[in-house]
Amino acid sequence: MTDIRVGIIMGSQSDWPTMREAAQILDDLGVSYETRIVSAHRTPDRLWEYGREAVARGLQVIIAGAGGAAHLPGMMASKTRVPVVGVPVQTKALSGVDSLYSILQMPRGYPVATMAIGAAGAANAGLMAAGILALHDDALAERLDTWRAELSASIPEVPVDD
Ligand code: RP5
């Protein structure tokens, strides 16, 4: 058992600029996490082992980001009951719509909570993970409420010229 509560996994090093948005949110909110490159296609054994050990290691949420034929989140959801939050990474060829469709349309029984394409989706994955953990962590719930209130307060009421 580890005190790491969230696993941020991604199909490639090239996904990290997107997935670090999730890590940043978890840093801001004081949530412990680990980061790993786990590819459904290039390292299937690593994927299987990560999923097989996730519950025993104490992971409570897995954020999984991938692009293109983005099978990582769905395959991870098939291997563990730890909730999987999927992040479709934006691609050059199809702008991430390929990633989105690959992650979104799971068959009944193995859900993936699918976020928006790209950086906003990765940041929201961090917030989704924090919200899940906050259900049983009052201090985190307070930090998340403060984070949300600060974001809300930062939005101007009146638009200005550039
Ligand atoms: C996917 O293929 C990865 O998640 C990544 O988004 C995409 C491209 O990977 P690289 O060729 O950049 O390693 O498996």
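Just so you know, glycine gets a Cβ as well, placed from its N, Cα and C.
Curation plays no part in TrEMBL annotations; they are all automatic predictions.
Sequence-distant contacts of Ser12 (substrate binding site), defined as residues of its own chain at least six apart whose C-beta falls under 8 angstroms from its C-beta, comprise Ile37, Ser39, Arg42, Ala66, Gly67. Per TrEMBL, substrate binding site is recorded for Ser12, Asp15, Arg42.
Positions annotated as domain 'PurE' by TrEMBL: 4-155.
Under a cutoff of 8 A between CB atoms, and with a sequence separation of 6+ in the same chain, the neighbours of Asp15 (substrate binding site) are Gly65, Ala66, Gly67, Val89.
There are 11 other Cβ atoms within 10 Å of the Cβ belonging to Arg42 (substrate binding site). What surrounds the substrate site, by Cβ distance within 8 Å of the Cβ centroid and not counting Ser12, Asp15, Arg42, is the set Met10, Gly11, Gln13, Ser14, Ile37, Ser39, Ala66, Gly67 from the same chain.
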